[in-house]
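A.B. asks: According to Swiss-Prot, the protein has these features:
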| type | residues | note |
| --- | --- | --- |
| COMPBIAS | 159-180 | compositional bias 'Basic residues' |
| DOMAIN | 11-81 | domain 'RRM' |
| MOD_RES | 166 | phosphoserine |
| MOD_RES | 168 | phosphoserine |
| MOD_RES | 205 | phosphoserine |
| MOD_RES | 207 | phosphoserine |
| MOD_RES | 214 | phosphoserine |
| MOD_RES | 216 | phosphoserine |
| MOD_RES | 225 | phosphoserine |
| MOD_RES | 235 | phosphoserine |
| MOD_RES | 255 | phosphoserine |
| MOD_RES | 265 | phosphoserine |
| MOD_RES | 277 | phosphoserine |
| MOD_RES | 281 | phosphoserine |
| REGION | 74-97 | region 'Disordered' |
| REGION | 132-284 | region 'Disordered' |
């Protein structure tokens with residue numbers, strides 16, 4: 001089975017990725033090895049070579065595609081479009097001018113099928129190399145494009161402030177928690193002070209010695225009260241009514257204490273009055 005198909009009789013080849021040093025005569029010398037070359041159309045970095053026999057063209061494409069020539073690896077493919085000025089268009093692709101490539105500027109194929117040079121690094125808007133359409137100076141800037149579409153996004157902007165309030169709520173909540181945590185030790189100190197002021201704590205803090213001192217005056221009053229039927233009072237201390245029984249009277253008054261230092265109680269006086277005197281018994 002032959003490696004070529006001459007159904008369309010394609011004798012025109014596309015040669016791409018040529019070096020800047022390559023000339024027309026260099027291409028004629030290279031392709032003339034495989035057959036008779038009819039025409040060589042040289043461009044900036046690509047060229048079109050036309051053979052007299054389609055089989056010679058297919059042989060040249062088979063052996064020269066991907067070969068290093070003049071310091072560059074060239075690509076050789078069958079041209080899909082008819083050359084300019086050709087009257088016999090037939091059914092081989094679109095008419096001249098209708099299928100122009102944005103990459104190489106040649107009619108007969110599309111940019112996605114072009115293999116002339118580094119076609120991926122060429123701008124489809126201005127046709128220059130070294131940048132793409134997105135970075136082209138002639139293309140509209142993204143800022144203007146965003147401004148043009150801002151009218152349709154206006155409802156979204158009106159909703160955006162509501163969404164921005166949510167972080168502030170979370171911040172206030174976090175602040176409140178941190179504030180309450182910082183105040184918690186003060187509350188604990190207050191609770192300790194209240195416990196220390198409670199009556200139970202005060203009773204626990206009082207020593208047994210203090211209890212005896214606080215209860216000693218009552219016991220002294222009870223011990224100092226004169227007992228019934230006793231003639232003597234041990235010491236000039238307070239009785240049950242809180243009065244001194246042997247306090248001296250200022251102003252030369254007589255003391256109720258007798259000559260012998262005995263303390264006369266009212267009960268003893270009543271007993272003496274009730275007794276009969278010996279003189280009365282002796283009287284007639």
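Glycine too: its Cβ is placed from the backbone N, Cα and C atoms.
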A.B. asks: Where does the mean pLDDT land for the domain 'RRM' (11-81)?
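C.D. replies: A mean pLDDT of 91 is what the model gives the domain 'RRM' (11-81).
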A.B. asks: Could you give me three numbers for the domain 'RRM' (11-81), the DSSP helix, strand and coil residue counts?
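C.D. replies: In the domain 'RRM' (11-81), the DSSP-based counts are 19 helix, 24 strand, 28 coil.
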